[in-house]
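**Q** Below is a structure I'd like to ask you about.
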Amino acid sequence: MAESWSFLDTSEPDFRPLVVIELAKGTKEETVGWFTKRIVDKKADGGAQLLVKPLVTENGDENIYLVGASHLRLLLGAESVGLVKECNDNSMRTFTYSSRKTFKDFADDNHNFLTMAECQYIIKHELENLRAKDEKIIPGYPQAKLYPGKSIVRRLLTSGILVQIFPLHDREELKKLRHSWYGRVKVGYQPLDEIRCYFGETIALYFGFLEYFTFALIPMAVIGIPYYVFAWEDYDKYVMFATFNLLWSTVILEVWKRICAVMTYRWGTLLMKRQFEEPRPGFHGALGINPVTGREEPVYSSIKRQLRIYLVSLPFVCLCLYFSLYVMMIYFDLEQWALDYHEENESNFSSLMLFVPSIIYAVVIEIMNRIYRYAAEFLTSWENHRLESSYQNHLILKVLVFNFLNCFASLFYIAFVLFDMKLLRQSLATLLITSQILNQFAESLLPYWLQKRHKRKMKKHMCSLKTDTDLSIVGQVNLEKEMGTYLGTFDDYLELFLQFGYVSLFSCVYPLAAVFAVLNNITEIYSDALKMCRVYKRPFAEPTANIGVWQLAFETMSVISVVTNCILIGMSPQVNALFPDSKMDLVLTVALVE
């Protein structure tokens, strides 16, 4: 590998900008010169051996830089990150520069062998692995300390010197993708391979799971419509539907594992070796030696972290759960008030008032979920986890526990304490539909409207300029740098997780839940696609082999669903009639089925 780097020529006759670096305005020239030199320096000298070009804006500022790389540099970078590509014999192997001729579609003059998303991922990897050598501080900023092995980019970000790094959109490819993805309303599959080539495997897998889950809901919806129509007022005839629910919630997750493995094998990420995980940017502590790598890096006591988790975070989460239950009891008081009001008046208005408490409660749930999410992020960051995976696992656990209790506690209370199937149906319908409407507005419609307004302002501004710079790239960078940043698939998976809970737990008493879920997901596919292509900056591609911890989350919900539906079946009059003398036999039978 060392010999390969020695002959690498960093020059490129046709510079192709791939990544944008925005520095803070007024960044000292000394800092800019040092940082850009580290980017273009040879690997042997501790640089990234990339290409950098300043972008001069209409104000003459040079705080924005375009980063690219030569074709040869990208190929060697593909080897260093362990990209898996298809060979001429149709097998999947880790790409190596020495055996490049054995890979399908490879040619020395074929610059499309690596997708643009893969090229940008390689550049991001190289930039993040720029590490301090002998520097003790960032030049020009004596308060920004450095130590050997520290990631330069992460230190610049935490110091506020580096504003953001983002990959550029390919406008021609994006136009083609928009047309095939959501440009026309059609019944069919999404272009997942094209999505993967443009946005990377993590986002393609989310849309693949969203599509699969939507198709998996169709049998539930098809059975649910006649079941709802012909047994509208008979809330006890749900045994067959609950039995189907038991099988459905388990089988669809097992089938998804296979579909996911097939896709990721085809994309090459199933076989990618997991790299040694570096400390996350927010991790801090006293400087020490990592016993595995031998590098200097922050060290933080695991005992202190555990004390923070169990003495602060856990009590706070418990307090939030108590508050959620307190709000739930207020909701039931409002339900009783609405029912009493309806019994006294019995008018059309009083009938509508029966739905008001549920609607208010659904809105309050969404507000509480979002406020708690910020608190959970702050607490998890304060716990000072060393690895990003550990941070994500603790954050997801906190958010899922609260969201589960906040969204489903009232339904469990109605079903197993009040035994009121009519109220359960009404509450489930209101919570499901209201949450879907609020999510569509908050996640798609509002950001799209704000971005549309910003784009109109930018076009007027660019038309008023008179400059000799390349207006197309200047306009594109200025437009994209002001776009919102896509924060990942967390919220999208969380929405699907809660929807899966509504459908799998109690849809036997409200069979139309799956119908509304299908309709929501169809619009979700189009709105999320529009959001990715028009509202947010292009995210960096992230190779992944599965949906990660969310698979475990959905499987846990599936287990809870099995328990819930078995108990509902055991509570039904039809099953109770089979055990008129011994309730213990009924309990044992339900437990056995479970």
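Glycine is treated like the rest: Cβ placed from N, Cα and C.
Okay, these came from TrEMBL:
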| type | residues | note |
| --- | --- | --- |
| DOMAIN | 195-575 | domain 'Anoctamin transmembrane' |
| TRANSMEM | 212-232 | transmembrane segment |
| TRANSMEM | 238-256 | transmembrane segment |
| TRANSMEM | 309-332 | transmembrane segment |
| TRANSMEM | 352-372 | transmembrane segment |
| TRANSMEM | 395-416 | transmembrane segment |
| TRANSMEM | 428-450 | transmembrane segment |
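I would like each feature placed in context: is it buried or exposed, what are its neighbours, and how far apart are things?
**A** Note on the transmembrane segment (212-232): residues 238, 241, 244-245, 248, 252, 255-256, 259, 496, 500, 503, 507, 510-515, 517-518, 521-522, 525 of its chain, located 6 or more positions outside it, place their CB under 8 angstroms from a CB of the stretch.
Beyond the ends of the transmembrane segment (238-256), by six or more residues, the same chain brings 209, 212-213, 216, 219-220, 223-224, 227, 231, 500, 504, 507-509, 511, 551, 554-555, 557-558, 561-562, 565-566, 568-569, 572, 574-575 to within a C-beta distance below 8 angstroms of the stretch.
Long-range contacts of the transmembrane segment (309-332) within the same chain, counting only residues at least 6 positions beyond its ends with a Cβ under 8 Å from a Cβ of the stretch, are 357-358, 360-361, 364, 368, 372, 375-376, 379-380, 382-383, 394, 398, 401-402, 405-406, 409-410, 413.
Sequence-distant contacts of the transmembrane segment (352-372), counting only residues of its own chain at least 6 positions beyond either end whose CB sits under 8 Å from a CB of the stretch, comprise 320, 324, 327-328, 331, 334-335, 337-339, 341-342, 399, 402-403, 406-407, 410, 426-427, 430-431, 434-435, 438-439.
Distant neighbours of the transmembrane segment (395-416): 313, 317, 320-321, 324-325, 328, 331-332, 361, 365, 368-369, 372-373, 376-377, 379-380, 423-424, 427-428, 431, 435, 490, 494, 497-498, 501-502, 505-506, 509, 549-550, 553, 564, 567-568; these residues of the same chain sit at least 6 beyond its ends, with a Cβ under 8 Å from one of its Cβ atoms.
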